[in-house]
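J.: So Swiss-Prot has the following annotated:
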type	residues	note
ACT_SITE	Ser227	active site, acyl-ester intermediate
ACT_SITE	Glu345	active site, charge relay system
ACT_SITE	His458	active site, charge relay system
DISULFID	Cys95-Cys122	disulfide bond
DISULFID	Cys279-Cys290	disulfide bond
CARBOHYD	Asn103	N-linked glycosylation site
MOTIF	566-569	motif 'Prevents secretion from ER'
SIGNAL	1-24	signal peptide
Amino acid sequence: MRLHRLRARLNAVAFGLLLLLVHGQGPEIVQPEVDTTLGRVRGRQVGVKGTDRLVNVFLGIPFAQPPLGPDRFSAPHPAQPWEGVRDASAAPPMCLQDVESMNNSRFVLNGKQQIFSVSEDCLVLNIYSPAEATAGAGRPVMVWVHGGALITGAATSYDGSALAAYGDVVVVTVQYRLGVLGFFSTGDEHAPGNQGFLDVVAALRWVQGNITPFGGDLNCVTVFGGSAGGSIVSGLVLSPMAAGLFHRAITQSGVITTPGIIESHPWPLAQKITNTLACSSSSPAEMVQCLRQKEGEELVLSKKLKSTIYPLTVDGTVFPKSPKELLKEKPFHSVPFLMGVNNHEFSWLIPRGWGLLDTMEQMSREDMLAISTPVLTSLDVPPEMMPTVIDEYLGSNSDAQAKCLAFQEFMGDVFINVPTVSFSRYLRDSGSPVFFYEFQHRPSSFAKIKPAWVKADHAAEGAFVFGGPFLMDESSRLAFPEATEEEKQLSLTMMAQWTHFARTGDPNSKGLPPWPRFNQAEQYLEINPVPRAGQKFRETRMQFWSETLPSKIQQWHQKQKNRKAQEDL
């Protein structure tokens, strides 16, 4: 009898062990599956801190064919269908880039860095959808375009799970070709340029045809992006190629009118690139053919091209005219727009990436003028007038710290603040609802990596928009587990504002801070733990760039004209 009981007990233990082997010691792993027009995908399910809501995550879904071989430098082609179930549970490779150049991005928040493998076969997107979202549920869709100066970045660096869970939206993060592969242009049919921009357009087309089974509303799509991603988003508003593909837009510290982000005459840069890569030719066709035969790594790892900027191109099709001309003529898509900047844009992250930190700390007037000359030239400021611009910021200050702060303020205005305010005014005057913000909070995590004088650095708001304090995967670049209670609340508020704007075209809702519309009075929201409405953002400086400086330049040109007339007598 005792032997019988022992056998029964051993059998029970064995059965229990079998159950543990089959099911594991934790909850059963859920692998959600969804049918797209191209085939079935299997993702994974994740949790989010502070809520019981689960999120279905699908990574690396192709929206276009791999741009390889003869398709290098070409517009993207629609992805091909697949058989069976495609695994969409692992992070996809980043688009081919110099991984070393991506190191600077670890200083966005707290020193974390996510490096994924790289590949030219990278035209994929990630989807984060609330687990209870069913086909046809009709949740707002938010499509994120990452930044990185158009040369670095990855969709998977932006974990959309917290934003999806707390905002009850479907988040899509997209990848696009970068650097020479994404933006090389000969200015003609052989390499028109803008292929990285067209990748984003192709992703938006894919969303229109496939987002419904993931619980998204194809008639409620918001494009949003930060830094260079913001430049692409604002370009989507101006480009006829993106008509009807989205319904609202958000830019964070970047617009297409930023100096150097778009070029009307790409040929000189094409010559520089091909000369460096031993593909020099007077024939654009031969140039492109030579570049197509190169290994991808050779194109992106050339040390001689390390500091090269690869801009968008005014090609007559994607961008029929320059952005400034399009803004003045108002032929663009009139959609609700939320846009803004941070209060210390050029403080540390960008100067570090540009190798200017040491120079900045010992800045002289001559240094400031030399560094500023290229950008002022691109803004059509005559060399004789450039000292006037420097004096506006530097004044009579001789103190090293004052010069450093003046340089930071100048560069932040030129590259981000002035273009963003100008863009918002054009949108407002076209009749588009516009909501403007200045993010003013210094993340507590900066104490580990940045000097105490750095305030809200470039891209600092991203961790709050994406719910960094609530991300379960603490290795994620925007994960912010050390956030204070005050910062957690700020993140919850910003997620609610961004997603309510995506839902309605207005960031105002019950329980949220009042956010005035950017109209002729130019009111905006100062975002920090105690938000308040502001008016006439940086009024004196904005007036200098929009009125005072143009007037002085006009007077200078008139004097030159009069002098020449006198000399001709």
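Cβ coordinates come from backbone N, Cα and C, glycine included.
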J.: Provide, as an integer number of angstrom, the distance between the C-alpha atoms of His458 (active site, charge relay system) and the residue listed as 'active site, acyl-ester intermediate'.
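T.: Checking the Cα atoms of His458 (active site, charge relay system) and the residue listed as 'active site, acyl-ester intermediate' gives a distance of 8 Å.
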J.: Taking only the Cα atoms, work out how far Cys122 (disulfide bond) lies from Asn103 (N-linked glycosylation site), in Å, as a whole number.
T.: 20
J.: What is the Cβ neighbour count of Cys279 (disulfide bond) at a 10 Å cut-off, with all protein chains included?
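T.: Here the count is 20.
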J.: I need the most crowded of these disulfide-bonded residues: Cys95, Cys122, Cys290. Count other C-beta atoms within 10 angstroms of each C-beta and give me the top one.
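T.: The largest 10 Å Cβ neighbour count belongs to Cys95.
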J.: Need one number: mean pLDDT over the motif 'Prevents secretion from ER' (566-569).
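T.: Within the motif 'Prevents secretion from ER' (566-569), the model's average pLDDT equals 78.
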J.: Minimum Cβ neighbour count within 10 Å among the recorded positions Asn103, Ser227: which residue?
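T.: Sparsest of the recorded positions Asn103, Ser227 by Cβ contacts within 10 Å: Asn103.
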J.: Measure the Cβ-based neighbour count of His458 (active site, charge relay system), defined as the other Cβ atoms within 10 Å of its Cβ.
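T.: A count of 28.
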J.: How long is the line from the C-alpha of Ser227 (active site, acyl-ester intermediate) to the C-alpha of Cys279 (disulfide bond), rounded to the nearest angstrom?
T.: 32
J.: DSSP says what for the motif 'Prevents secretion from ER' (566-569): how many helix, strand, coil residues?
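T.: Summed over the motif 'Prevents secretion from ER' (566-569), the classes give 3 helix, 0 strand, 1 coil.
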J.: Please identify, among the recorded positions Cys95, Asn103, Cys279, Cys290, the one with the smallest Cα-Cα distance to Glu345 (active site, charge relay system).
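T.: Nearest listed residue in space: Asn103.
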J.: Find the one among the disulfide-bonded residues Cys95, Cys279, Cys290 whose C-alpha lies closest to that of Asn103 (N-linked glycosylation site).
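T.: Closest by Cα distance to Asn103 (N-linked glycosylation site) among the disulfide-bonded residues Cys95, Cys279, Cys290: Cys95.
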J.: What is the interatomic distance between the Cα atoms of Cys279 (disulfide bond) and Cys95 (disulfide bond), given in whole Å?
T.: 23
